[in-house]
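Here is the structure we will look at, set down as structure tokens.
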Amino acid sequence: EVLPHLGGEGMARGGLGTPGGPDAEKTPHYWNEGARRRLEAALALQPVAQRAKNIILFMGDGMGLPTVSAARIYKGQLAGGSGEESILAMETFPHVALAKTYTIDRQVPDSAGTGTAYLCGVKANAKTLGLSGAAVYGKCRTAFGNEVDSVLHRARLAGKSVGIVTTTRVQHASPAAAYAHSASRSWYADANMPRETLRDGCKDIAHQLVYNTDINVILGGGRAYMSPRWTPDPEYPEDPAQNGTRKDGRDLVAEWLSPPHGPGPAPPGLFEPKDMRYELNRNATTDPSIVEMMEKAIRILRRNPNGFFLFVEDECRIDHGHHSGRAKQAVMEAVMLDRAVARAGELTEPSDTLTVVTADHSHVFTFGGNTLRGASIFGLAPKKAKDKRAYTSILYGNGPGYSIRDGGRPAASLPDKDYRQQAAVPLDVETHSGEDVVVLARGPMAHLFHGVQEQHYIAHAIAYAACLKPYDARPRCGAPRRASSSTQHSPRPPLALLALCMAAFMVVG
């Protein structure tokens, strides 16, 4: 079908047409032509109803819709535009859904319960990992018999290579939901577990990272939980706060690199003792960005002719930036996640790779104040508040930005990267929020992501698209491939774990 041409300049600055002049937006033709082009694109859209060879799941931890909108504007302003008309790479994906984020026991969720939902396919209780709702937070024995497997684990069983990239510790809630079964998200190492829990036979998350699933590539932080207690960190040997934490004396990195897991040359992987640094604070000569880590992971994983599953998460700094009330840090991380989405699109083919971008939950973060077009997303509202004092466009519903001085609210100032936007309710840490989050998808079976869905549906749609259990018996799937009789001891490409040198990171693979 050919739609009527309405004339005009097309859509400017990131739209689906040719750029217009400075006054183009003032004409109906500009908007009509832009809409016509979008309608043509929509009418040409056809579902790709075939098996997905590769799966990439991008997770912006805490990246609610207000954060996505702010990141879009900031991206455009970083490029010298007014910002509002900018388009994120993730926003070009043709299929969109909303996901309901509540957990079985909470209206406003945490990252462990949500991670279990979108990775394992079942709603669960908050603060539990890889367990059904029958498990009770903090009660070790309730984990036994209630384990649920992630789509990453099922992809490895099907013969695919699998990887995790995160800007937080690799034992943190979101990545841990891909491989761990734990009644507490906080059991990073044995030192973090009560004695009775260890006596009952539960294993810490770092131990499960090594022994639960045969993961081919791991890039992120979290060295401290892999090393014996008091072991100096190789990057910060003079800082005892960065020492290893394990009480059992085990060196899990050495165990992983030894038979039956290794040996073999290992590209870099664990770049910090715990979480990685904010992008705005990152030392680009020693620590890779999320874009660089994601690219390295894809280049390793795609060597497998049977395909791969890659989980890419920016948690540490979208989520943590919001928790600390530092909006600029959080929004910059969302921009970086989008750059990783764009780069992944250059490294893969949409004909065989299903790419999904979503969030686990949102935050009590918003921006408003009748700001003018092109105003800095981190700037002040154009008019003062009723108390005759300035305020920033971005505000938080609660958090550490709350302040009362001399009986009133202090006037806001133009923020730097660590500025804490003001909050309405005083809390040491800003909280998550409970609204739905967006799910964007491109590639084979991406049309399955539509409407308003429960969050656990994401794992099922991914499993169906890639012919993973329990959807591997469909006629188009054929006989499933298995890595081996045990994923714990199967051969794999070189493990990405420990080296700290950025130069090595750039030349390996």
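Glycine residues also receive a Cβ, built from the backbone N, Cα and C atoms like all the rest.
TrEMBL tags one of the stretches 1-29, 233-261 as region 'Disordered', and that stretch is 1-29. Of all the binding-site residues given, namely E313, H323, H361, those whose Cα is no farther than the 10 Å limit from the Cα of S111 (active site, phosphoserine intermediate) are H361. In this structure, the CA atom of H172 (Mg(2+) binding site) is 15 Å away from the CA atom of H361 (Zn(2+) binding site). Comparing C-alpha positions, S174 (Mg(2+) binding site) sits nearest to D360 among the binding-site residues D319, H323, D360, H432. The two recorded residues, E313 (Mg(2+) binding site) and H323 (Zn(2+) binding site), have Cα atoms 17 Å apart.
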